[in-house]
Ligand SMILES: Cc1ncc(COP(=O)(O)O)c(C=O)c1O
């Protein structure tokens, strides 16, 4: 079908929940995707932090092919080998003792919220259910997770919201301390705010949050849906800050392009979930787990990908900071590994659209922050090419 007709049909048959670019994507390999127009694009969006190994990584493709021939789905009434192998690998390489699998980031956060509430009920009585989250955060679009999300623009029109959430400014330890009450059961944060514009907390923030949680017997839930799976140069972003959370949620990069989410928790916390407490028909399904297992094994293989991600991240931020010397419209460049943001004084969308014309996919969040989430296999030459294009575009009155 030609591109124009596909876009017309999309308009006609899909709910209009997304402002999509007028581009139909058909194929991807590594850093590149190809459109139905035959044009090649360098992908700095990476499925919004999903394609950590690039598009159609051979190890993920082969794992999916093999699993698809063997067994697609059987339900969680039975044991599934790839699910158990994946859980074991996640536990081996994290703080966690137990894993619950689901299908998306929002679903993982729903699971974490339920787990924290149930834990608090069992250990501290009926009245501890409130969760403190950060302003400007993003935790998903279900009713509980959109309530956890500290941004009114995502909540408007869906009221009444879920009771039991309270918001504080991110990276403000005093505000957090002041918000803790007898009802508080947990603090839920992204280690680095992604959708909120790549906001990186000060080095000691999460350590101090951990201390407050310990003092007040609160669970610390870290939403690593965007920062996990190597994105920031370590397998999990909490590793940068020398802390141990109680619960971590994952999704996006976990399946290397196949939908899967996970809730990771310590033994003590996880043990409040018993048969019947929580479930998901597709959660941890053989196909998704095989893809995630291949993705995680590849990331962990000899540490090459994480090293590479760190080196590319440093190079990327350096190059963008060189641009900042020339253009006053660049307010700040922020990055950890390959979660990189460039805040502008102006609307970023014209730059995103112009990049698309030049064959590069980038993202803009919050109206004025260009966000770059390339596959972790991005090369220096790809970054240099993007920065050249940005240099050209920022020099023009777009
Ligand atoms: C930090 C964070 N949490 C949760 C979500 C929601 O994930 P999903 O869209 O898979 O439900 C996102 C998505 O952007 C995210 O960035």
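Cβ coordinates are placed from backbone N, Cα and C, and glycine is handled just like the others.
Here TrEMBL has 105, 106, 223, 224, 225, 226, 281 binding pyridoxal 5'-phosphate, and the candidate from 78, 138, 316 in that same listed site is 138. Cα to Cα, residue 223 (pyridoxal 5'-phosphate binding site) and residue 280 (N(2)-acetyl-L-ornithine binding site) are separated by 19 Å.
Looking only at Cα atoms, residue 105 (pyridoxal 5'-phosphate binding site) sits nearest to 252 among the recorded positions 141, 252, 280. Least packed by the Cβ count within 10 Å, out of the binding-site residues 106, 225, is 106.
Under the DSSP three-state reduction, residue 138 (pyridoxal 5'-phosphate binding site) is assigned to coil, being neither helix nor strand.
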